[in-house]
């Protein structure tokens with residue numbers, strides 16, 4: 001079985017890692033749209049267009065199932081992708097919401113994400129339907145920090161404090177509403193001591209169990225639309241192994 005995964009950049013490899021750990025025999029093709037990262041500052045129309053282009057690229061690679069490992073694309077494009085493509089399509093928002101509701105004792109839940117994800121209200125609406133009190137905030141500097149490989153040290157620490165100071169004492173659970181954010185999880189946990197920090201990558205992998213046959217050769221192909229300065233370092237950091245990335249321009253519709 002072959003699974004396709006796409007994200008706006010390198011952060012979606014956190015989902016890729018969780019899926020490979022859960023289903024080690026499946027073949028996986030990953031696409032990071034690093035030439036156009038971040039999606040979180042784009043209009044809905046642009047996010048949908050980029051998402052369809054990424055999905056088409058993976059369709060041409062012969063995938064049997066698609067995971068949208070980008071919260072912004074999940075918020076704005078998931079339903080259109082489900083309608084347009086002939087294979088099952090999964091996002092990362094619903095699994096993260098379910099995991100947060102399971103872990104929270106007070107139902108006072110925080111959500112952080114890109115500007116577009118927070119503006120969409122996708123997390124807030126799903127949590128409020130379950131009776132949660134929701135606190136949300138956009139953290140637009142987190143993705144550039146991760147893409148630059150700046151995940152530890154004084155700069156990310158100060159940025160985390162700047163964005164998350166209003167959550168202290170208000171929430172018992174925080175959803176990382178962007179697949180880049182788990183790379184900053186240590187700094188976030190250090191600042192919000194005692195708060196459940198929800199990384200939806202593992203929850204997303206679990207949500208596939210009724211649809212994935214753990215069959216194949218366990219192969220992995222990594223495609224990116226641009227070779228960013230820290231790409232190889234991020235691959236090693238997230239996946240724990242060195243995998244040669246392939247750079248492609250086939251995604252773009254000219």
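Residue positions begin at 1 at the first shown residue.
Note: Cβ is positioned from N, Cα and C throughout, glycine not excepted.
Not measured: the values here are computed from a predicted model.
Some features that Swiss-Prot has for this protein:
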type	residues	note
BINDING	7, 8, 39, 40, 71, 72, 179, 180	substrate binding site
ACT_SITE	70	active site, proton donor/acceptor
ACT_SITE	178	active site, proton donor/acceptor
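When Cα-Cα distances from residue 178 (active site, proton donor/acceptor) are compared across the binding-site residues 8, 39, 71, 72, the shortest belongs to 71. The two recorded residues, residue 8 (substrate binding site) and residue 70 (active site, proton donor/acceptor), have Cα atoms 7 Å apart. Across the annotated binding residues for substrate (7, 8, 39, 40, 71, 72, 179, 180), the two most widely spaced Cα atoms sit 12 Å apart. Put simply, of the binding-site residues 39, 179, 180, the one whose Cα is nearest the Cα of residue 70 (active site, proton donor/acceptor) is 179.
In this view, the densest Cβ surroundings among the active-site residues 70, 178 belong to 70, judged by other Cβ atoms lying within 10 Å. Take the binding-site residues 7, 40, 179, 180: by the count of other Cβ atoms within 10 Å of each Cβ, the lowest one is 40. Over all protein chains present, the Cβ of residue 71 (substrate binding site) has 35 other Cβ atoms lying within 10 Å. In sequence order, 9, 11, 12, 37, 38, 70, 73, 114, 117, 143, 178 are the residues of the same chain, not among 7, 8, 39, 40, 71, 72, 179, 180, whose CB sits within 8 A of the CB centroid for the substrate site. Taking a C-beta cut-off of under 8 angstroms and a sequence separation of 6 or more, residue 39 (substrate binding site) has the following same-chain neighbours: 8, 33, 47, 50, 70, 72, 73, 114, 116. Secondary structure at residue 40 (substrate binding site), as computed by DSSP, is helix. The Cβ of residue 72 (substrate binding site) has 32 other Cβ atoms within 10 Å, all protein chains considered. Neighbour density for residue 8 (substrate binding site): within 10 A of its CB lie 32 other CB atoms from the protein chains shown.
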